[in-house]
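Peer 1: Below is a structure I'd like to ask you about.
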Amino acid sequence: MRVCVVGTGYVGLTTGVSLAFLGHDVTCVDLDRAKVDLLSGGRSPIYEPHMDALLADAADRLTFTTDYAEAVPDADVVFIAVQTPSLPDGNPDLRYLRSAAESVGRHISGEFTVVVNKSTVPIGSSNWVDSILRESFERTHERRSDGEFSVASNPEFLRQGAAIQDTLYPDRVVVGSDNPRSLDVLNRLYRTLLNQTFTPPTYLPRPAGLGAVPMVSTDLASAELIKYAANAFLALKISFANEIGQLAGRVGADISQVTRGIGLDTRIGPRFLQPGIGWGGSCFGKDTAALIATGAEYHHEMPIVTAARTVNQLQRRLVVDRLLEELRILKGRRIGLLGLAFKPDTDDLRDAPALDIARMLAERGARIRLHDPVAAERFRLEQPELAEHLTGDVEDVFDDSDAVVLVTEWKQYLDLDWGKLASLMRTPVILDGRHTLDRDRLTKLGYRYLSVGGR
Ligand code: UDX
């Protein structure tokens, strides 16, 4: 099929490249000329495992352009995957979505086109996109639209760092539309993915035991709500683990053992119970805020989602409290942070706990040293006021330090020569913000091991 993807951010690019890999002819539109040039040269503007390889594999069926006219008129399916950043009131900023929908509406031709909203948008937005498309189409063509297009919602559940894995081997595909013809088109578009009949890339084999992927076909509003509900549920799972972790610390229990014990109950499941300094990133904070804002519009309070956010903010403060308790004074103390990205395998710093923690420590007069194997350069650009604390040498983080905090559990940190590093520190205090280091081993190496809750 012929596919157009508007927006080459995380979601758009992954969608476009994956659909081309699956055999569709894909044109990606982005107004950013520099990005389009980079992608046309086979290079990805985002750091994402396997993206460059998949770009190369799909190159024959993949085009990048800044011109809607080259991409929209022939497309059977147009995905809109533009950013929807949060406004101060928690609602997403829909201006990019509006202008993308206007441009698509101008270029849609006479053939039936499914316009799929892939951006995470408040419930009801697909109707709004439909009205913008219609107005734009009618203004351009000077006639009423007559079934040339239909809007569908196809929310994305990919994780950064595992975006391609999650796209090629999803747990489910959710498509929402009030038009059966659209559902049929999307069913055909995803057929080889749903049946898992495509040949997997050599560098990303199909997970053992993965069978057919279920497709959940819904009405528009349900598909939109599924996206928010899924992210909010994952966020509250983590916050729940962290809340129990605080209690575990007080009663002398080990939170890692507790989460393992509860996660083996198949009704609960083991994933997203990893305790620590909590969630960050572009989705959980934004989507929980948007869900609460939608609730407020309907005079519906959402105390559970609100509490998940409160607990998450508390976890960041606990890092400072724990260090204060241990070191008594933070002013003048040298404290190193390992990891700045909101999680490993990405250079994304959006809502990264490290930003709040670094700021809180700096405000208290601590002398901080910051390290990240991948996100340091982005940090330098995006956080100029903290950039002077960056170091490219992980030993600097330990050298003469009073404490080191593991903020992001990059694999290379787990493999460090911890014995040697302890000898560099003034006082070998390690605060394991992710419950991921080997407590017994570090204690034997002379560290004082601390965590945020749960022993
Ligand atoms: C998330 C959702 O997983 C994805 O389905 C959605 O489409 C977008 O939002 P992402 O933000 O890329 O994906 O990251 P994810 O791997 O979910 O991690 C989010 C945050 O939660 C990270 O900061 C991570 O460190 C934290 N986390 C995750 C925990 O603290 N504990 C866990 O058990 C899991």
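The backbone N, Cα and C atoms fix where each Cβ goes, glycine too.
Found this in TrEMBL, in case it helps:
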type	residues	note
BINDING	ASP30, LYS35, THR84, THR120, LYS286, ARG350	NAD(+) binding site
BINDING	LYS227, PHE272, LEU273, GLN274, PRO275, GLY276, GLY280, LYS343	substrate binding site
ACT_SITE	CYS283	active site, nucleophile
DOMAIN	336-439	domain 'UDP-glucose/GDP-mannose dehydrogenase C-terminal'
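Can you tell me where each of these features sits in the structure?
Peer 2: Remark: LYS35 (NAD(+) binding site) has THR8, PRO45 as non-local neighbours, by Cβ distance under 8 Å and separation of at least 6 in sequence. In the three-state DSSP assignment, the secondary structure recorded for LYS35 (NAD(+) binding site) is helix.
DSSP gives GLY276 (substrate binding site) a coil state; it is part of no helix or strand. For GLY276 (substrate binding site), the same-chain residues 6+ apart in sequence whose C-beta sits under 8 angstroms from its C-beta are ASN242, GLN315, ASP432, GLY433, ARG434, HIS435, THR436, SER451, VAL452.
DSSP classifies CYS283 (active site, nucleophile) as coil under the three-state reduction.
Mapped onto DSSP helix, strand and coil, the domain 'UDP-glucose/GDP-mannose dehydrogenase C-terminal' (336-439) counts 41 helix, 17 strand, 46 coil.
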Peer 1: Taking the Cα of ARG350 (NAD(+) binding site) as the centre, which of the recorded positions listed as LYS227, LEU273, PRO275, GLY280, CYS283 lie within 10 Å of it?
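Peer 2: For ARG350 (NAD(+) binding site), the recorded positions whose Cα atoms are within 10 Å come to GLY280, CYS283.
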Peer 1: Could you check which of the binding-site residues PHE272, PRO275, GLY280 is the closest Cα neighbour of ASP30 (NAD(+) binding site)?
Peer 2: GLY280
Peer 1: Among the binding-site residues PRO275, GLY280, which residue has the largest number of other Cβ atoms within 10 Å of its own Cβ?
Peer 2: PRO275
Peer 1: Mean pLDDT over the domain 'UDP-glucose/GDP-mannose dehydrogenase C-terminal' (336-439): what is the value?
Peer 2: 97
Peer 1: With respect to ligand 1, which members of the recorded positions ASP30, PHE272, GLY276, CYS283, LYS343 satisfy a Cβ distance under 6 angstroms to one of its atoms?
Peer 2: PHE272, GLY276, CYS283, LYS343
Peer 1: Between the binding-site residues LYS227, LYS286, LYS343, ARG350, whose Cβ has more other Cβ atoms within 10 Å than any of the rest?
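Peer 2: Of the binding-site residues LYS227, LYS286, LYS343, ARG350, the most buried by Cβ count within 10 Å is LYS227.
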Peer 1: Quick check on the recorded positions LEU273, CYS283: which one has the highest count of other Cβ atoms within 10 Å of its Cβ?
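Peer 2: Result of the Cβ crowding comparison: CYS283.
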Peer 1: Measuring Cα to Cα, how many Å separate LYS343 (substrate binding site) from LYS286 (NAD(+) binding site)?
Peer 2: 16
